[in-house]
Every structure is written in structure tokens, then in C-alpha cells.
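Participant: Can you read through this structure? Questions will come right after.
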Amino acid sequence: MRAREIERNCPNLWKWGIMLLGILMICSAADNLWVTVYYGVPVWKEATTTLFCASDAKSYKTEAHNIWATHACVPTDPNPQEIELENVTENFNMWRNNMVEQIHEDIISLWDQSLKPCVKLTPLCVTLNCTDESDEWMGNVTGKNVTEDIRMKNCSFNITTVVRDKTKQVHALFYRLDIVPIDNDNSTNSTNYRLINCNTSAITQACPKVSFEPIPIHYCAPAGFAILKCRDKRFNGTGPCTNVSTVQCTHGIRPVVSTQLLLNGSLAEEEIIIRSENLTNNAKIIIVQLNESVAINCTRPYKNTRQSTPIGLGQALYTTRGRTKIIGQAHCNISKEDWNKTLQRVAIKLGNLLNKTTIIFKPSSGGDAEITTHSFNCGGEFFYCNTSGLFNSTWNINNSEGANSTESDNKLITLQCRIKQIINMWQGVGKAMYAPPIEGQINCSSNITGLLLTRDGGTNNSSNETFRPGGGDMRDNWRSELYKYKVVKIEPLGVAPTKAKRRVVEREKRAIGLGAMFLGFLGAAGSTMGAASVTLTVQARQLMSGIVQQQNNLLRAIEAQQHLLQLTVWGIKQLQARILAVERYLKDQQLLGIWGCSGKLICTTTVPWNSSWSNRSLNDIWQNMTWMEWEREIDNYTGLIYRLIEESQTQQEKNEQELLELDKWASLWNWFNITQWLWYIKIFIMIVGGLIGLRIVFAVLSLVNRVRQGYSPLSFQTLLPAPREPDRPEGIEEEGGERGRDRSIRLVNGFSALIWDDLRNLCLFSYHRLRDLILIAARIVELLGRRGWEALKYLWNLLQYWSRELRNSASSLLDTIAIAVAEGTDRVIEIVRRTYRAVLNVPTRIRQGLERLLL
């Protein structure tokens, strides 16, 4: 009643209160944020993984074997994808790049594997009786120093034949650089020699059909990973890069093993680039990438003939049998103009970086032949070329002119080269290789695309700086090509706050998930989170293609090398990449399954978003941030969020299990089913609607009937006296009596009030009828209960009576049976006893009978 009084007195206050309460409820509901899982977001993290190779080996040279074993690589993509990532800045570091270590290990493995089936030259570590090669082969070559470099020794030595206790003497030609006098006797009259590496390294002869020609190798990332590429034209190898793209494979990298000069690599697109881990540290190598290549043409003008010398069962040593007349030493030619122009640009660049005015280039300061010379492979022979003619000049940065150059005025710079057959392996200490001689004349042309330099040390504060050629660590050769790449791991799972909360409904059926991550969708990496989430469907459809394509590549690679009955390092990497891709896919699908999000791109959860993880507003997150920025912000809380989602899903599944366990009562309490309740509600609404309709119809009929009888209905504003109770006195003049609170009532104030009053009366009527019905039902239940209780007591008494009667009858029956059995038993015993006595008395009766006969 007090509520109705407040409603009548303060209607506006009542309305505003209800409105304010609704607004508070809406605001409180809107402030709740929930964790939502997104699958297929463009997010990556730095990682190290197994890369596989792609190559077009068949298009270069058809041969049975090459040292790079590229026939085990997958074919290159004729239309490679490169997707530019807008608004993305990524840090690169060429000096801490695992791709360099990986290619280094792969090339070492390929070299070692190519030499495994080849002949070991351990039996050749014997005394060699050598004499100088005949002068008739020297031709027009003059000069003692030159002839000593190219002169060969004619050596004879004893080897074991097929019969191991037999030896025979054979002859072979060796380069002077490949043998040393025994007992360190360096005199020219010495005749006893040995191979140079016999006391330090194990020597293996390269197989005669193995080729050292470098073939471009593309390194590719497996599914679930991607290769980021820096496209800045002046990128120095370290630091942030603002022009980033994603590729599946690198460009074709030629595994050229060389020192001092980088051959057949990639060129800088604009100006010369100087790269060093620390330019002020003279112990660090300096890699120079040229913007214009310099041609270098090398030749061995004389021709060799090769012979096969058996050195044991199934083994042969390939040596030089003879040579044509030598018309010149092995050498390389470089255009003087092109080289000086290139060296001038390099000097200017170095001077500007080091703030020096004079740059000096000098030859190598000493060391092994591989370091002091430009060593490389030319047509199967290993050349060691003297580069003092290249690095012997001084450049003034101010006038950009060379000074104190010792070069002649010839248009070509000629580098004198020596050839060695016993090679110190660059893979490590203690390994050497014997390269069989190549028949015929040798010519090769290459392009100088880079330099490897070292800076002289000291505390010299002058304006001069001295640089020398360096090299020897093949990792620097690979860095010169891989400086712009890095491998990243795709993280397709992302979590972010949204206003959507998971609704717990019937247990969902788990769908088959989508495939593993591929690089195609990374194009949305620079977009905001809101824009990137719109393309999740397109992105996720590309995921499975990674594994499918990898499977096809693997099958093609295995098919290509199945005749070998073994896997090279590339085949092993193919298998590793395939397994890794499947593992990534299964890991992501396992997480989605644990979270109840299998087969979903956007999956809501019941985990509330904690503002301590990120207190940014929803609009700021989705409109101003990329997925990469968002992932970096919540990276420390990702593990916690994952655990909360898992716990929430576990609790939800427990609740669903308990709910499903209640279904076994459906056969007994089917009317408790929600569908049945909906049917009951529908029937109730129909009944109420029918009652309201009947009430309206009856009211209209009553009104029409009264009008026909000449009755005018009262005004809606007429106050009717309310009926009084007989024991309530009417008021007196002194107002001593008590007045009733409802002496008169106002009918209605309008049509809405009429409807409301009618509905109220109908509800009261329904309430009273339902109450009476419930009371009647309760009375009936009470009577039925009482009657039932009495019936149960009657049945119980009846059951007790009959049980007692049955018990007595059973007892009587047992007694009767016992008596009958006892009597029968006595009779049987008596019969048996009499029979027994009769049998015992038979002899007595016989004796008595005989006595009577005798008497």
C-alpha cells in the first residue's frame, strides 16, 4: 500500500528512479570485458628452426654428383611470393643470425658427405723419391721464382698391391707446394719428400666425378614459420628496418668458398655498403658490398693429362701423368680501370665512416696460403692468387686520387696464381682433401661483388687508416648474402578483450580445425587489430596450404633421390621441416581444443579481462594498435591468460557433465523438461488470453443488455459508495465514529486505467480461484494421504496376519512331517532288527532240527 501511495504522490520520482536503475544496470554490464581468443592473427616471434632448400639443379649441369647435392632440394617456385608489410618495423642482426650458422653447418655436412665414399690417401703417406720436372715442359716461361711455383716433381714411391705382402713402384707428378722434404731439409738437392699434410691431417681424395661448381640454393622456411626480409637499400645489417617484407624462400645463394674477394654474390642497389659488427674494433671483419661488379677472368693455360694409379684393393689415386708445354703461369686478369674506380669508392666510404682523410690498402700481413692469397675453385682446380697487385695503393679522400700505387700502366691487373692439389679444409683443423688433376685447359670467369677487409690496429690518431684483405671464416661469406633475412615463428593464437562473453549452451560438437600457419596472411601485420580481425577467414584458409605444399615437396625430394638409398642433409631437413610443421599444427589445435575453440576463428570465453594485464581502452586497443604491438604489451601475461582459459573451460565441461547426468531422470520426470515447460507456459498464456477475451466480451454484452433495458451507465468519474460492514458505525456530527478507509472509490481515469483495473481484477480473481484450487487440491491430497495411510496400515496388518498364519502352518507342517518321519524310522529300524535276529538264529534252528532228527 505504501508503494502505491508513493506512486500516486511522486509519479515523476518513481519514473526517474526506474530509468536511473536501468542506466546503471546497462553501464555496469557494458564495463565488463572478457577474454576472446583469435586464431590466425598476424603475430610472429624470433625463432630458430630447420630450414630446407630449393634449387633448380637440373637447369645448370646434368651430372651424376655435385658436392652441393641439390638434386635433393625441392624445385624453386616459378612465381615466388613477397608480401610487403606496411607500418612494420623489425630489428635485424646479421652477426647473430642463426641462418648463417645453419648454412655453414649444411655446407660442411655436404662436403663431408661428398668425400665419404672417396678414397682415403693414408697409404700414400710414404717416402717419395722426387726429381725436378724436365725443363722441356717449361716452354717460354722465364724467371726462377715463377718456374718454382709451377714446377712439378716427378716422384716414385712404393705401394701395396692386391696381394698385401707385395709392393710395386709407381710414378706420379706432384706440385711443389703439395710436398715437403723429409726432416725439414729444404735444400734444392733433397730427393726424399712426403705429402705436406701427412703429419697433421687425414687426407681424402675427392671423387673424380664430383663437381665443385656452385649452384644457387634457396633457403626456405617450413610451414608455421616465415622469413622476414629487409628491403632498405642502405641497410647495414644491424638495427631497425622500416621496409620489411615476408618471403617463403631466400634468393639463390651460391655457396662460393673463397677468401679476400667475394665472388658471384648480390650487389648493393644504390651505394657501396660497409658492414661490420664493430667498425672501431680492428679484430672484427669488414664486409664490403659493391654496387657494381668487377669481372675477374682466370685461366690455367697449359693442359694436364691424368692417370689412375692403383693403391690397393678397389682404390685408385688420380695423378698428373704429363703436361703440354707451359706457355704461361696460371693467372687471373682484372680491369685496372674498373678496379681502381671500385677501390676509390670503397676508400671514400671507409674514410667517411671512420672520419679519416687517407685510406691505405696493403697486402695481407701473413698466415696460411688460404688467408694471404685469394683462394677459390676454378673449374675443379684450387687457385691461390697473389692479390698484392690489388691491395697496394693509397687514397686521399679529399681529392679522391690514388697515390703511391705500385701498379704499372697496363690496362689489366694480372694476379699470379698457384695451384694446389692438397687443400686444407676450411671446415676445421685436421682435415685435408686431395683434388684430382683436371685434364685440359681451364678457364673461368667470375664477378667480384664484395671484399673482406681487416683494419690495422694500434692507437694511431693520425688521419691515415690501413686496410688489408682478410677472410678464412666462411660464415662471413654467408653473412654477405643473408644479412637482410631473419626467421620468425608465426604465433597464430591471440587474445584480446571484448564485450562478448561465451554463453554456456548445449555441449558443442568439436569440428575439425584448420591447417598450420603459412606466410600469406602476414600482409595484415601492419593493420590495426580491428582491421586485421576482419580478414581472419581469408587468412585462416591459407593455413593448411603450408603443410600440403610441404608434403608435396617432400615426396618429390624423396622420389628424386630414392635411387641413392640414402638421404643427404637436404633430405633430412625436408623430413625435419615436415615433422616440425605437423608439430606446430597439432600444438595449436591442442590448445584450441583444450579451450573449447576447435574450428573457430573467433572464440569467446568466460574469463573476465583483468585491467592489470592492460588498462587501455577498448577503442584504443582495436583502432590504434597492431597485433604485434598488442602482443608485445601482454606478452608477460599470455601464459596466465592461457591457464585461466583452460581452467574456465575445464569447469564448464564439468558443469556440462553434471547437467548431462541429469538426463537419466528424463524418463521419470519428463514433464520437467524445458520443452515441456515452454508448452505449459504457452498453454497458460492462451488461458489467460482467453479469460481476458471472455471478460471483455461479457462486459460488452452486459453493457449492451443494460442499455437495451433503458439503463444509462454511470460516468467513469462517479464516486460510488463502498459497502460497509454491519458492525462499523456511521460517523456522527462530532466525528466520533470511525469512517471506513474506502467509503467510495473512483472507477477509472481513462482507457489505460480501465485496462489496468480490469487486468488487476482478473489477476485477483485468478489468484483467488487458484488459491481455492490449491486449497482443494491440498485437501484432496490430505484426504488421499490419510486414506492411503489407513490403507497402508490395513495392508500391513493383513500382511502381518497372513505371515503369522503362514508361519504357524509351516510350523505345523514341519511337526507333522517330523512325527511321520520318526514313526516310519522306528518301524524300519524294528524290521531291520527282527530280520537281523532271524538271520542270527538260522544256525540255531538248524542245529535244533538236526538234534530232533537224531533223537
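Glycine residues also receive a Cβ, built from the backbone N, Cα and C atoms like all the rest.
Not my notes, these are from Swiss-Prot:
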CARBOHYD  Asn154  N-linked glycosylation site
CARBOHYD  Asn186  N-linked glycosylation site
CARBOHYD  Asn189  N-linked glycosylation site
CARBOHYD  Asn199  N-linked glycosylation site
CARBOHYD  Asn236  N-linked glycosylation site
CARBOHYD  Asn278  N-linked glycosylation site
CARBOHYD  Asn340  N-linked glycosylation site
CARBOHYD  Asn398  N-linked glycosylation site
CARBOHYD  Asn443  N-linked glycosylation site
CARBOHYD  Asn460  N-linked glycosylation site
CARBOHYD  Asn610  N-linked glycosylation site
CARBOHYD  Asn673  N-linked glycosylation site
LIPID     Cys763  S-palmitoyl cysteine
REGION    130-154  region 'V1'
REGION    155-198  region 'V2'
REGION    364-374  region 'CD4-binding loop'
REGION    459-470  region 'V5'
REGION    462-470  region 'V5'
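Describe the structural context of each listed feature in the structure shown, including burial, neighbouring residues and relevant distances.
Facilitator: Under the three-state DSSP scheme, Asn154 (N-linked glycosylation site) falls in the strand class.
Within 10 Å of the Cβ of Asn199 (N-linked glycosylation site) there are 9 other Cβ atoms, across all protein chains.
Packing around Asn236 (N-linked glycosylation site) is summarised by its Cβ count: 17 other Cβ atoms lie within 10 angstroms of its Cβ, all protein chains included. Reduced to three states, the DSSP call for Asn236 (N-linked glycosylation site) is coil.
According to its DSSP assignment, Asn278 (N-linked glycosylation site) is coil. Counting every protein chain shown, the number of other Cβ atoms lying within 10 Å of the Cβ of Asn278 (N-linked glycosylation site) is 10.
Asn340 (N-linked glycosylation site) falls within a helical segment according to DSSP.
Annotation note: Asn398 (N-linked glycosylation site) sits in a coil segment as assigned by DSSP.
Listed in sequence order, Asn297, Cys298, Thr299, Arg300, Gly379 are the same-chain residues at least 6 apart in sequence whose CB falls under 8 Å from the CB of Asn443 (N-linked glycosylation site).
A C-beta separation below 8 Å, combined with a sequence spacing of at least six in one chain, links Asn610 (N-linked glycosylation site) to none of the other residues.
Take the CB of Cys763 (S-palmitoyl cysteine) and look out to 10 A: across all protein chains shown you find 11 other CB atoms.
Only residues 6 or more beyond the boundaries of the region 'CD4-binding loop' (364-374), in the same chain, are considered here, and those with a CB under 8 A from a CB of the stretch are 177, 258-261, 332, 383-387, 391, 415, 418, 420, 424, 426, 468-472.
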Participant: How many Å separate the Cα atoms of Asn236 (N-linked glycosylation site) and Asn340 (N-linked glycosylation site)?
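Facilitator: Given the Cα positions, Asn236 (N-linked glycosylation site) is 24 Å from Asn340 (N-linked glycosylation site).
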Participant: Please indicate, using numbers and ranges, the residues of the same chain that are 6 or more beyond the region 'V5' (462-470) and have a C-beta under 8 Å from a C-beta there.
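Facilitator: Same-chain residues near the region 'V5' (462-470) but 6 or more away: 259-261, 285-286, 350-351, 354, 356-365, 371, 374, 387, 390-391, 451-456.
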Participant: What's the number of neighbouring CB atoms sitting within 10 A of the CB on Asn340 (N-linked glycosylation site)?
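Facilitator: So the number of other Cβ atoms within 10 Å of Asn340 (N-linked glycosylation site) is 18.
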Participant: Sort the recorded positions Asn154, Asn278, Cys763 by C-alpha distance from Asn398 (N-linked glycosylation site) and give me just the closest.
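Facilitator: Nearest candidate: Asn278.
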Participant: Count the residues of the region 'CD4-binding loop' (364-374) that DSSP assigns to helix (H, G, I), to strand (E, B) and to coil, and report the three numbers in that order.
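Facilitator: Breakdown, helix to coil: 4 helix, 1 strand, 6 coil.
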Participant: Based on Cα distances to Cys763 (S-palmitoyl cysteine), point out the closest of the glycosylation sites Asn154, Asn199, Asn278, Asn340.
Facilitator: Asn278
Participant: For the glycosylation sites Asn154, Asn398, which Cβ has the most other Cβ atoms within 10 Å, all shown protein chains included?
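Facilitator: That would be Asn154, with the most Cβ atoms nearby.
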Participant: Express the distance between the Cα positions of Asn278 (N-linked glycosylation site) and Asn340 (N-linked glycosylation site) as a whole number of Å.
Facilitator: 26
